[in-house]
Amino acid sequence: FVLKALIRSKQVIYCRFLFPALGALLFGYEIGATSCATISIKSPTLSGISWYDLSSVDVGIITSGSLYGALIGSIVAFSVADIIGRRKELILAAFLYLVGAIVTAVAPVFPVLIIGRVMYGIGIGLTMHAAPMYIAETAPSQIRGRMISLKEFSTVLGMVGGYGIGSLWVTVISGWRYMYATILPVPVIMGIGMCWLPASPRWLLLRAIQGKSNVENLQQAAIRSLLRLRGPAIADSAAEQVNEILADLAFVGEDKEATFGELFRGKCLKALTIAGGLVLFQQITGQPSVLYYAPSILQTAGFSAAADATRISILLGLLKLVMTGVSVIVIDRLGRRPLLLGGVSGMVISLFLLGSYYIFYNNVPAVAVAALLLYVGCYQLSFGPIGWLMISEIFPLKLRGRGISLAVLINFGANALVTFAFSPLKDLLGAGVLFCGFGVICVLSLFFIYFIVPETKGLTLEEIEAKCL
């Protein structure tokens, strides 16, 4: 009976995870679908519009519109996240996903299309802030790493789905509209699911000890929330767990009202250094650029499919999916630091190999292909899932909302900077020197991980605050 209860409890936990993970899937889908939509929308015969003759700047705005929306979403999250809570933030994100996708799909003119892209992007910013935080605060510490890494798996799955669906619609008249319309049921399901899920019990308890409402009512709400999230296996211990969390929160000083200045002092500054450093290195070690350059690398290797960008993207997306799956399986057994150190070491080797190919071995394309596949695989074992995992669990609760919003802002800001700077730097330095430069930055990130990033495997969020900060 006990074994059945535990199995059912795990099924309940994974079921609850699905709805916030849909937000990550919608983020990934946008990346894949947009790469195909830009091909469709520029076609004189297939775009189905009169304003298809877009400049490179216009295409750049379409591609990056959601990215700038995500930056806006991160700023919004900084102000409202701790007030409305993680659950309502995800409901708002689902609404913005839905409206943004509708506006994009029916856009009669270019400016309306951009408005839709930005609205969708604001939903991305809110999701990438709230989803890992909600999962971290509701998952048992023994499987927290796996649960948050599954969010990254959902992102990659969405990306592969976007490439696949985009490739189906890319040869159809007005296919770019159908690419964005196809996904419309998903934000509806996400929104309904998040309305059904309870608020994060830790957020409720934070509101309780900070005197935001009646303490006893919020404590009872936290117990009910924990029971719904974890299932019948904890029926006898839910009240005790809530009391333990309350005691831990009071012990580490969560009962005091958070101020903006606290982000840059003491424990919060250390947490911000760890989280901000990880998401910064996640981007400036070349991840957007290597993937951007992937089609030309495979084309020089003589792959017949290299002329078809969508097929190349699906191939890399499937590799990312497999390696993210490996990370999901082993992350709570091996821990965060071993995967980070091992994966980033592989990235260093791949970047120097890639740089050497363009400088010395451009007549041996197998070197470039091997380096590309090694980079993608190692990134998905390390920075890909673990960056988001660490930022969701390292901040003290009272500043978790604001801290994660700053980390997400750093992530999307660095992504925008690297994406913007890649082409000019490649023209100035050459691809070989540029990839070697990314390799040097990757070596610096290894030192950062070794000396700064703690191991959080198996610790509760309150234990992480007490022991690691």
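Every residue, even glycine, has its Cβ placed from backbone N, Cα and C.
Annotation comment: TrEMBL describes 16-457 as domain 'Major facilitator superfamily (MFS) profile'.
Residues or ranges marked as transmembrane segment by TrEMBL: 17-41 (among others). Counting residues 6+ beyond its ends, the transmembrane segment (17-41) has Cβ neighbours under 8 Å at 47, 49, 52, 54, 59, 62-63, 66, 90, 93-94, 97, 120, 123-124, 127-128, 130-131, 134-135, 139, 147, 150-152, 154-167, 169-170, 174-176, 179-180, 183, 186-187, 189-190, 193-194, 196-197, 309-310, 313, 317 in the same chain.
According to TrEMBL, the transmembrane segment annotation covers 61-83 (among others). Tertiary neighbourhood of the transmembrane segment (61-83): same-chain residues 30, 34, 37-38, 41, 54, 89, 93, 96, 100, 113-114, 117-130, 133, 203, 206, 258, 398, 401-402, 404-406, 408-409, 412-413, 415-416, 419, selected by CB-CB distance under 8 Å and a gap of 6+ residues from either end.
Residues or ranges marked as transmembrane segment in TrEMBL: 90-112 (among others).
Per TrEMBL, transmembrane segment is recorded for 118-136 (among others).
If you look up TrEMBL, you'll see 148-172 (among others) marked as transmembrane segment. Residues 17, 20-22, 24-37, 39-40, 46, 131-132, 135-136, 139, 178-179, 182, 310-311, 313-314, 317-318, 320-321, 324-325, 327-328, 331, 380, 384-386, 388-389, 392-393 of the same chain lie 6 or more positions beyond the ends of the transmembrane segment (148-172) yet place their CB under 8 Å from a CB of it.
Residues or ranges marked as transmembrane segment by TrEMBL: 178-197 (among others).
Annotated transmembrane segment per TrEMBL: 271-292 (among others), in sequence order. Long-range neighbours of the transmembrane segment (271-292) within the same chain, counting only residues 6 or more positions beyond its ends whose Cβ lies under 8 Å from a Cβ of the stretch, are 263-264, 316, 344, 347, 351, 354, 372, 375-376, 379, 383-384, 386-387, 390-391, 394-396, 399, 403-404, 406-408, 410-411, 414-415, 417-419, 422, 434-435, 438, 441-442, 444-445, 448-449, 452-454, 469.
Sequence annotations record features per position, and here TrEMBL assigns transmembrane segment to 312-331 (among others).
Among residues of the same chain six or more beyond the transmembrane segment (338-360), those with a C-beta under 8 A of the stretch's C-beta atoms are 285-286, 290, 297, 327, 330-331, 367-368, 370-372, 374-375, 377-383, 386, 430-439, 442-443, 445-446, 449-450, 453. Feature annotation from TrEMBL assigns transmembrane segment to 338-360 (among others).
Beyond the ends of the transmembrane segment (366-391), by six or more residues, the same chain brings 128, 132, 136, 144-145, 148-149, 151-153, 156, 274-275, 278-279, 281-282, 285-287, 290-291, 294, 297-298, 300-301, 316, 319-320, 323-324, 326-328, 331, 336, 339-340, 342-347, 349-351, 353-354, 356-358, 403-404, 407-408, 411, 453, 456 to within a C-beta distance below 8 angstroms of the stretch. Taken from TrEMBL, the feature transmembrane segment covers 366-391 (among others).
Look at TrEMBL and you will find 403-422 (among others) tagged as transmembrane segment. Nonlocal intrachain contacts for the transmembrane segment (403-422), taken as residues 6+ away from its ends with a CB within less than 8 angstroms of a stretch CB, comprise 64, 67-68, 70-71, 74-75, 77-78, 81, 125, 128-129, 132-133, 263, 268, 271-272, 275-276, 279-280, 282-284, 286-289, 292, 387, 391-392, 395-396, 434.
Long-range contacts of the transmembrane segment (428-453) within the same chain: residues 273-274, 277-278, 281, 284-286, 289-290, 293, 336-337, 340-341, 344-345, 347-348, 351-352, 354-359, 390, 422, each at least 6 residues beyond the stretch ends and with a Cβ under 8 Å from a Cβ of the stretch. The annotation transmembrane segment is assigned in TrEMBL to 428-453 (among others).
The average per-residue pLDDT of the prediction over the domain 'Major facilitator superfamily (MFS) profile' (16-457) is 84, rounded to a whole number.
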